Each structure stands twice: as structure tokens, then as C-alpha cells.
Amino acid sequence: MKKKKRSLLLATTIIGLSAILSPLVTVGATNNYTVSNWTREHVTNIELTDRNTAPVINMDELEKFDEDYHTWDSWPLKNKDGSIAVVRGYQIIFALSAPSHVLPGQVHDIAEVRYFYSKNGKDWTNGGPVFEDGDALGSRQWAGSAMIDEDDQLHFFYTATGRKGEEHITYEQRFAKASADVVASRAGISFENWSDHQIILEADGEYYQTQEQGSQGDIAYAFRDPEFFKDPKSGEEYIIFEGNSSGAPADRACLPEHIGSPEFAENHDVPEVSVLFNGSIGIAKATNEDYTEFELLPPLLEANCVNQELERPHIIVKGNNYYLFTDTHFDKYAPGITGPEGLYGFVSDDLFGDYKPLNGSGLVIANPPENPYQAYSWLVLPNGTVISFVHFTDLGDLTIGDIGHQSHEFQFEHFGGMQAPSLKIALNQDRTHIVTELKQGAIR
Ligand code: FRU
């Protein structure tokens, strides 16, 4: 794949313009790159087929890690190189959790990270909250990632949402990091000798929208879901994350590169409110060995005028290719274009290269039309196994926005709050397909 070089615009130095101009970016002395776009034209190529549509989930056959807790976003402990860690025979999964009696719509307001471990990948023990009481930053913790290094040190990255002790919940999102020793014994897995929790990154307002900018007429801002990534080609280490393109709506515009080819644009209407849809996939480079200092770099990809939320982005390297995956919801698309709740992906032979949507549209896994909200928060593991959680099943004609208006009984009955059956996908250059369904929560 050839890197497309556009004319050198010095937009990165002009606050607010970086989102408008999609420039060739100069990072340090050596790194030049173009921010890739997921366009409205790409999205109109979305088509559900048996290669990308997940089998229907039957919740009756599934069980929670622990009946007392809902869990949703999850991530296994990984080694630095992204492979799944096995610590003295144990696999370890971290998951956002809330007690089972909490209504589905409220779980995000009290999310706490728990961990679960297993020797056989089927029977899981609830290890309890990951962090020691009162240590975690934020009023609650949202998704992140966890890496174990050569010295059995856990490096844990998470989203600190709101502020500790706040009276009413707020939505500020910052990245936090803490480390601990991973201790494995016959009794199971525990984390000991915790470091202080530190804020390691905040939105800068130049590359990534701040909460303040996002409050000037936008739908919402995101700066969350830090995912550790070591580039096997350069050896450099990064955090990949969900952001929004910077600036307030008044500073942004829907430009030709957000729409697609001139032929497409000619017959395609872009409703004005599309400018409020500014999802982006961000990247920051580790600049110290403790992973407490990072340099924010311009986004790898933006979905301006296309989609509002590119959640839990992560990278898998296969052969010479970087596969950049993200999740989004049906109701996060800008008006005039549409796509299913699904896993989407992009491919490039250069980490900072020109990412092309997989399968021509970006769609990799879609929920089936008969059960359009059945799973969410897909995470692709290096072996092509994809984990996710059961969201809402068998809703009939209701959409996700209607759920909060239903009886509590109805909400609990249709909410999963547990691991979904995993899927195996195959990646072939810029094409993917679902190979098979695996057991619930399988990570191998
Ligand atoms: C995806 C998500 C993440 C966030 C978490 C909050 O399901 O929206 O982006 O970290 O849920 O619960």
C-alpha cells in the first residue's frame, strides 16, 4: 500500500484547524503521516453477508462469570508483544463490573474493574476488584488494558471517569496508570505492592477534543479506553485510544475528504448536523520506561461527519499489516448514513500509514438483523479470536434508546451483562470473514 502524501500544511500548529485540514503531519524528525479518514462513502458500502454477520445468541445457554455481577467490556492480561499472558497456568481477564441488581443503563455510572482467572478457560474464579479500596482515580473506571512485563510487573491502564468523591457524576475522562506485582499461587492470582495511581494523559484540545470544547454544542466528547500497543516493527510503545476530533462544532466543517470520491459526493447529501459527529482513534507514544509519560500524537484515523464514537480501538499485526479495529453503535452514525452495531476495521502496512477500510466499508462483524443489539465491545485478540459481551437480546421492535423506558423486569430479562460466545475471524490482506463461533468467553 502506498502512503498518500498530501501537500505539507502546517495545520498541526494551529489550534482547532488540525481537525479541518487533515494534514500530512510531522512527528519528531522522522515520522510523517496522514490522518486517515473513514468516509461517508465507505459506510454506504456496508452490506450484511454471511461473512460478517454473527450467529444469533441464545442467552439461555450462557452464564455469568459470577451471578452477583454484571460484566461488560473485558480484556485479557497480555504480554508486551500483545500475546495472551499465561501466569503459572492461569489466564486472567479484566472486566468492567457492577452488582447484578443495578439497572443496565446505570452500570456505567458505578463501573469497577474486577478480574477473573481460570486454568482451563471455562471455569472462572472472581478475584474481586483489581484495585485496592479507594486507590483508583475517577468516580468510576472505564475500559483500559493490562500488560505484564518480563519482571512479572502488571502495567494497568484505565479510563478515570469523573473525579473521585464528586457529589454528582461528571463525564471527564482521563487515562490513569498503576502497576503491581502479579502473584500466582495455588490459591490463585493476586496483585500486590501497588504503585500510586497516576494520570498519564488528558485531551489536549489540539489533536483531541477536550470536555470544554465538546460542551460547545457537541453531542458528547470521548477520551477513553487506553490500549497498550508495542509496534513489532519499530519496538516503540504506544497507547491507542478513543477520542474526538478537536475543536468545537463551529471550528469544524464537513470537507470532501470526509465524504468520499467526487463522483460519490456529487449525489450525496450531507445534512448540516453531521459536523457534530467527530469520532477519532488516537495514539500517544510512551516516552519513559514506567509508562507514566506519553507524547500525544495526531490521530491515526478520524470519522468526521461520519460517526461519533470509535470505541475501544486496538491493533493486531499480521504479516506486514497493521489491523486497526474499533467498535461502534448503530445510533452513532451521522444522519444520512447507517451501519449496524458492530466491529469495524482498517488496514495499513505502516502504523502511521494510510488506513483503508476492511472489506471496502470497514464492517468486520455485525450483529444479526434478528437480534441487532445482542453483543458489543468486540476485542480482537492476536489469534483472530474476538471476545465481546452480551448486551440486549430479543428486543423485538425496540431500539436501544427505548430500553430505559421499559419495566425493570424487562430490562433485566433482556440484558446479558456477561461474556458472549467468542468468534474466530480470518484476516486476508484487506478482507475478513467470520470463520466460526467459539465457546462463551473463549480467548484462545
Ligand atoms: C464501550 C464503552 C467504553 C467505555 C465503557 C464504559 O462499551 O462505552 O468505551 O470505556 O463502555 O462503560
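In case you wondered, yes, glycine gets a Cβ from its N, Cα and C as well.
TrEMBL lists D73 with the feature active site, nucleophile. Take the CB of D73 (active site, nucleophile) and look out to 10 A: across all protein chains shown you find 25 other CB atoms. DSSP assigns D73 (active site, nucleophile) to a strand segment in the three-state reduction.
Less than 8 angstroms from the CB of E311 (active site, proton donor/acceptor) sit A222, D225, E242, T326, D327, T328, S377, each of them six or more residues away in the same chain. As annotated by TrEMBL, active site, proton donor/acceptor applies to E311.
Per TrEMBL, the feature substrate binding site maps to W72, A143, R224, D225, E309, L310, E311. Contacts of L310 (substrate binding site) defined by a Cβ separation under 8 A and a same-chain sequence distance of 6+ are given as W38, E242, G279, S280, I281, L301, A303, T326, D327, T328, Y344, in order along the sequence.
The DSSP secondary structure for N278 (Ca(2+) binding site) is strand. As annotated by TrEMBL, Ca(2+) binding site applies to N278.
Residues or ranges marked as site 'Transition state stabilizer' by TrEMBL: D225. In the three-state DSSP reading, D225 (substrate binding site) counts as strand.
The separation of N278 (Ca(2+) binding site) from W72 (substrate binding site), Cα to Cα, is 25 Å. Remark: of the binding-site residues D225, E309, the most isolated position is E309 (fewest other Cβ atoms within 10 Å of its Cβ). Neighbours of N278 (Ca(2+) binding site), defined as other CB atoms within 10 A of its CB across all chains, total 31. A143 (substrate binding site) falls within a strand when secondary structure is assigned with DSSP. Under DSSP, L310 (substrate binding site) is assigned to coil, being neither helix nor strand in the three-state scheme. In this structure, the CA atom of N278 (Ca(2+) binding site) is 8 Å away from the CA atom of E309 (substrate binding site). Cα to Cα, D73 (active site, nucleophile) and A143 (substrate binding site) are separated by 6 Å.
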